[in-house]
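A.B. asks: Checked TrEMBL, it gives:
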- 124-411: domain 'NADH:quinone oxidoreductase/Mrp antiporter transmembrane' (DOMAIN)
- 533-553: region 'Disordered' (REGION)
- 6-22: transmembrane segment (TRANSMEM)
- 29-49: transmembrane segment (TRANSMEM)
- 69-97: transmembrane segment (TRANSMEM)
- 104-122: transmembrane segment (TRANSMEM)
- 160-185: transmembrane segment (TRANSMEM)
- 205-230: transmembrane segment (TRANSMEM)
- 242-266: transmembrane segment (TRANSMEM)
- 272-293: transmembrane segment (TRANSMEM)
- 300-322: transmembrane segment (TRANSMEM)
- 362-382: transmembrane segment (TRANSMEM)
- 394-423: transmembrane segment (TRANSMEM)
- 452-468: transmembrane segment (TRANSMEM)
Amino acid sequence: MEYLLSIIIFFPLLAGLAVFALEDRVAKFFGASCATIELILVLALWVGFDSGSSSVQFENLLMLIPAFGISYHIGVDGISLALILLNAIVILLSVLFLHGKSPASHFVACLLLLESILMGVFSAQNVVLFYVFWELSLLPILYMIGVWGSGEKLRAALQFFLYTFFASLIMLLGILYYGFLFFLHSKQFSFELADWLAMPLPASYQLWLFLAFFIAIAVKIPIIPFHAWLPHAYGNAPTLGSVVLSALLLKMGTYALVRFCLPLFPDASIELSLWILVLGLVMIIYGAMVAYAQTDMKQVVAYSSISHMGVVVLGIFSFTLIGISGAVFMMFAHGIVGAALFMLVGIFAARTGSREIGSIQGVARAAPVFCAIFGVVVMANVGLPLTIGFVGEFLSLLGIFATYPLIALLGGLTIILSAAYMLSLYKRLFFGKEADEQKLAKFTDVNRREKLVLGIFSACIIVLGIYPKPLLTLIDSGVKPVLETMAARAQVSSSKILLTTLASKQDRALDQIKSFDLMGEYSAEMLDSTQAIESSQLESSPAQQSTPLLFGE
């Protein structure tokens, strides 16, 4: 088990390189077999993971450039393990779903290489190593869009590259400057995350370093107004390109917020939180309204992703155990639901030759299984209780409600707005009246391959919607140390008071998360307790009450 995490990172890389040498007829089988083995290895990692420990586990360390503190240092906590699991599930189902791409060996190789890179992103404990994996993630998706995309695919690939690459260069400058500050402090270079967290950082430095990281992260999520690349990339990417963009690459950004921005720059995070929360609200409302106006189903799902990631941003900047745990759970949930939605749209486009919502109606008669699966995924996207989509949204909004009630209430519009555009799409597509019966007769139901992949997604949606406790417990073990680190590193008195109060109440918040019942609802007693905990944050001291970041008294 000592090197299990390293095996998980490099096994898909070796498999992906081997696939290039295979013929198309065996490449998919080989790729699916390797992706299955990878998922089994990740499940073994989960079994061996101690959720009762808050420390980083399964660490491997190899010094690469000792003089500059650059190393191959990996390890996982509950947050990274949840996203590693998501990565393994989505890539396996993507390989199984793959059909009709030529050369298939190259597409399978791209998926496996991307899986390897993302495993590195979610497990890197050295900041330079993280940045290397972060940048490498561009290559497979650029190849997918540029080779197998449609329409203005080269323009879309170039725009995606320019936005993400140059924004990442700003983060690189921040990383190098932080390393220089560490050298001034300790007389040696180090890019180890643990070393950085052990060094006090004055609030005056935090703001600019936070912004250097945040710009790169905002482009990746994407946070409005850094989203201009998204409609072109999603619209022109192949189906599986859109799947990995939505389900996996967007999560790199929100993961980096939790892993780096919050613990490294606690004072800056709190100082800028109101502005970022407003941007999160804009994401929710703007994304939903633009999605409602679209006639291209792929664009509907793309803008829906912006709206849902806005809720994730709200949860992260609630600075509460419940809110951040809910946000990470929603990352996982959106990965499952978003991937399934793009696959369903891909099936529709393959059957009809169009992604337009009104191109065919009344599909429920011709494809009842397709209709049923689409309905399950739509309900999860809307946030219906007993689906995976409800849990993360509810916890994210609950986490922010007592401190920022107005923002929480406005954020709750995501459920209403999601229902507006998704149910409208579903009604027209499956229950509208089709004038051309011959066109409808040619629409075939899902085949065995599609049924298997979408059936697994549907099972995840329902099972984790009914019983989210195992995943929530895993995530919580990683979120709690983040908040404790923020409280320990905060330099501004108002920030320290807020975060210390949060840390002292985390045990009660943990009990509430674990009491999340099978119906997906908190009891009234638990809800009252949660509100009491958060209210105590506002009443703990005059200094805290005076901070402009807290409002809605």
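The first residue you see is number 1, and the count goes up from there.
Heads up, the Cβ atoms here are built off N, Cα and C, so glycines get one too.
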A.B. asks: Count the Cβ pairs between the transmembrane segment (104-122) and the transmembrane segment (205-230) that lie under 8 angstroms and are 6 or more residues apart in sequence, then report whether there are at least 3.
C.D. replies: no
A.B. asks: Could you pull out which residues elsewhere in the chain have a CB under 8 Å from any CB of the transmembrane segment (272-293), counting only those six or more residues past its ends?
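C.D. replies: Sequence-remote neighbours of the transmembrane segment (272-293) are 207, 210, 214, 223-224, 299-311, 313-314, 317, 319, 400, 404, 407, 410-411, 413-414, 417-418, 420-421, 424, 548-549, 551.
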A.B. asks: Are the transmembrane segment (29-49) and the transmembrane segment (394-423) close enough that 3 or more Cβ pairs fall under 8 Å, when only pairs 6 or more apart in sequence count?
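C.D. replies: They are not in contact.
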A.B. asks: Checking distant contacts: for the transmembrane segment (205-230), what same-chain residues at least six beyond its ends satisfy Cβ-Cβ under 8 A?
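C.D. replies: Cβ under 8 Å, 6 or more out: 156, 159-160, 163-164, 167-168, 170-171, 173-174, 177-178, 181, 249-250, 252-254, 256-257, 260-261, 264-269, 271-272, 276, 279-280, 282-283, 286-287, 302, 305-306, 309, 313, 491.
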A.B. asks: Look at every Cβ pair spanning the transmembrane segment (242-266) and the transmembrane segment (362-382), keep those 6 or more apart in sequence, and say whether at least 3 of them are under 8 Å.
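C.D. replies: They do not touch: fewer than three Cβ pairs between the two stretches lie under 8 Å.
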A.B. asks: What residues elsewhere in the chain lie close to the transmembrane segment (452-468), defined as a C-beta under 8 angstroms and at least 6 residues from its ends?
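C.D. replies: Same-chain residues near the transmembrane segment (452-468) but 6 or more away: 89, 93, 96-97, 329, 333, 336-337, 339-340, 343-344, 373, 376-377, 380, 385-391, 446, 516, 518, 520.
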A.B. asks: So what's near the transmembrane segment (69-97) in sequence-distant terms, Cβ-Cβ under 8 Å and 6+ beyond its ends?
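C.D. replies: Long-range Cβ neighbours of the transmembrane segment (69-97): 5-6, 8-9, 12, 28, 31-32, 35-36, 38-39, 42-43, 45-46, 49, 51, 54-63, 108, 111-112, 114-115, 118-120, 122-126, 128-129, 179, 182, 188-192, 195, 239-240, 243-244, 247-248, 251, 255, 258-259, 328-329, 331-332, 335-336, 339, 343, 449-450, 452-453, 456-457, 460, 471, 473-479, 481-482.
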